[in-house]
2 protein chains.
Amino acid sequence: MVSSLFNDTLLVNTQSHDYPIIITQNSDMGAQIAPYIRGKQVLIVTNDTVAPLYLEPLQTTLSHDFDVAVCVLPDGEQYKNQDSINQIYDVLMTHHFNRDVTLVALGGGVVGDMTGFAAASFMRGVDFIQIPTTLLSQVDSSVGGKTGINHPKGKNMIGAFWQPRMVLADMSTLTTLPARELSAGLAEVIKYALIMDADFLTWLEEKLPAMMALDLAVLGEAVKRCCSYKAKVVAQDEREAGQRALLNFGHTFGHVIETHEGYGNWLHGEAVAAGMVQAAVLSEMLGWLNQSDVIRIKNVLAQANLPTTPPLIATETALGLMGHDKKVKRGQIRLILLKSLGEAVLTTEFATEQLRDVLTPATC
Amino acid sequence: MVSSLFNDTLLVNTQSHDYPIIITQNSDMGAQIAPYIRGKQVLIVTNDTVAPLYLEPLQTTLSHDFDVAVCVLPDGEQYKNQDSINQIYDVLMTHHFNRDVTLVALGGGVVGDMTGFAAASFMRGVDFIQIPTTLLSQVDSSVGGKTGINHPKGKNMIGAFWQPRMVLADMSTLTTLPARELSAGLAEVIKYALIMDADFLTWLEEKLPAMMALDLAVLGEAVKRCCSYKAKVVAQDEREAGQRALLNFGHTFGHVIETHEGYGNWLHGEAVAAGMVQAAVLSEMLGWLNQSDVIRIKNVLAQANLPTTPPLIATETALGLMGHDKKVKRGQIRLILLKSLGEAVLTTEFATEQLRDVLTPATC
């Protein structure tokens, strides 16, 4: 399949500043990001999977104009912790870098979240730039300013809202992405269709084969649409007081799966996929979706090679794990459910017994 | 000496929200802060020096209306590190606290800085309230939203800007403050006079004996003045792009002393006092101050029982330690110096040789 060249820029408005998401392919990464680096110091943070693929040309180009340091972390959600943040701090301190430094996150969501939090907390905040190299991070982490790490007792418990100076989403990086991770990214793409735009769901049902076959133009179009949806929501609600919570559709259920199975065993997108089915089944119990809607959701997820059932977790265990979720408001569990395909709500309008049913193995 | 009752409130404007500083004495702390707690969960963070003095009545009052947890950290600047932050996170997680929690910092600047940073980074930001129990934290940490911890290689290297919901400065807490720490706080009070208001310097020269004798009304008046000065500066420049840097007068020199001597051996205020004299001497070298100004500065600091000479530090060592300071802009050391008494500037208008002279032992 021949890809047509995709090249587009999206401007994201935030309370602190506006920044561009450049969506492109086969780019000279260093040349693309250089105009957005305000000082002379650069720290590239990446992991040992991505480094061999993309670090060297980026580092070489930037070294012409900047004092460049590198921090290569081990790959994996299990390293999204305080130790990794401390490694980043140590490199910054060893190089005598100061407030002028720009941190560049080269990698997936884990690298982006950690680099962002290090940028938010080093000297009370320095610049950072994202170069997301996974579909998940291109659609999910590029917009919204959420940064952070996991606590041993809960995912993303430590962090900050911190906006990047720019995001470079080079679709070519998806050619080196394992198929399983491409699918995990598609879970988030499908999420946007389910919560915001039923027409986009129809578009995806048609385009998913091309996306799975790495048609970079179609993938670029999908990334752009998802970033636009998210930017619109985030602009209204940067600190997640209301509307923004809807973006967590499937995530409360998904977090239970990830926490129970141990970070990294289920990919985030896989857990969200199974979680979205659980949320859809609960929505059906409330009469908001009909059975054919739920089947359609399962089918589109299956089309993307995603799981549609959660792993076996005892009901009480799952309920207990939900108690730690940030969506809990004064003890009452609030969930994002679907009023219809393309329309999500944050709600407590379900009986605990119904939630228990959905969490009980073999219900979904 | 009989203290007249002091009770005043100052409203601080910040980019994120406005909050009050209530300056009072003999207050029921719990009753004072309760109206500013928005959820049902409270974590009081304090240290093992302050806890025996003020924790019990505060905890008892708050327990009537809130789910109250306590985290007692060891006292001292040497504990202002990631381990202490992790202890705070652990208590929050163990109690299943969520975004609704309010953290209450009961103690001096170290407790306030750490609690603020934990609040800024727990679940990407929760409420916090300050109850500063030292003069230093009452005048310095109550305004500005600076929170953070030390890195083994540098002071306050990790942190965030995060504003409290309110500050309760109860002057009665100064009656249990060691005299050495009262003096350390007076260093910051004197700083405001030197950088912003020569009339306040005259006021202090007259009132220092009463302040040293714990006249709470006079101390309250001084705290209010200092907080007003700082609030005015911070409102114009929350993220320290320009004007706000002037508040660090004496701090670049002071940080060298603290880092070299090991955190906690010289009190922050003592280091700042000696640092202000060094900055004043450099200002005199540039012809901005005359010799009598420098003598007057030394005298007012001596009146407050503060050191006016730094410890012995080799010149090159001191210069090297300055390289890590946040006031370094693209490799060029910038310092806050006095154009005249009551007027500070951030400047590079000094020869390295002059700076070297000031840093050379026995010059000041």
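Think of each number as a place in line: the chain as shown, counted from 1.
Glycine too: its Cβ is placed from the backbone N, Cα and C atoms.
What you see is a predicted model, and the numbers here were worked out from it, not measured in a lab.
Per TrEMBL, the features are as follows:
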- B:71-183: domain '3-dehydroquinate synthase N-terminal' (DOMAIN)
- B:75-80, B:109-113, B:133-134, B:K146, B:K155, B:173-176: NAD(+) binding site (BINDING)
- B:185-328: domain '3-dehydroquinate synthase C-terminal' (DOMAIN)
- B:E188, B:H251, B:H268: Zn(2+) binding site (BINDING)
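TrEMBL feature annotations superimposed on the structure.
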residue : record              : Cβ contacts under 8 Å, 6 or more apart
B:D75   : NAD(+) binding site : B:N47, B:D48, B:T49, B:V50, B:G107, B:V110
B:G109  : NAD(+) binding site : B:P132, B:T134, B:L136, B:S137, B:D140, B:S141, B:H268
B:G112  : NAD(+) binding site : B:A105, B:Q130, B:P132, B:S137, B:S141, B:T147
B:T173  : NAD(+) binding site : B:L53, B:Y54, B:P132, B:T133, B:T134
B:T176  : NAD(+) binding site : B:L53, B:T133
B:E188  : Zn(2+) binding site : B:L135, B:L136, B:V139, B:D140, B:C226, B:G269, B:V272
B:H251  : Zn(2+) binding site : B:V272, B:G275, B:I336
Enumerate the residues of the same chain, B:E188, B:H251, B:H268 excluded, that satisfy the criterion Cβ within 8 A of the mean position of the Cβ atoms of the recorded Zn(2+) site; list them in sequence order. B:L136, B:D140, B:A187, B:K191, B:G250, B:G254, B:G269, B:A271, B:V272
Can you tell which of B:Q78, B:T134 has the least company, meaning the fewest other C-beta atoms within 10 angstroms of its C-beta, among these binding-site residues? B:Q78
Secondary structure split (DSSP) over the domain '3-dehydroquinate synthase C-terminal' (B:185-328) reads 104 helix, 3 strand, 37 coil
With helix taken as DSSP H, G or I, strand as E or B and everything else coil, how many residues of the domain '3-dehydroquinate synthase N-terminal' (B:71-183) land in each class? 46 helix, 35 strand, 32 coil
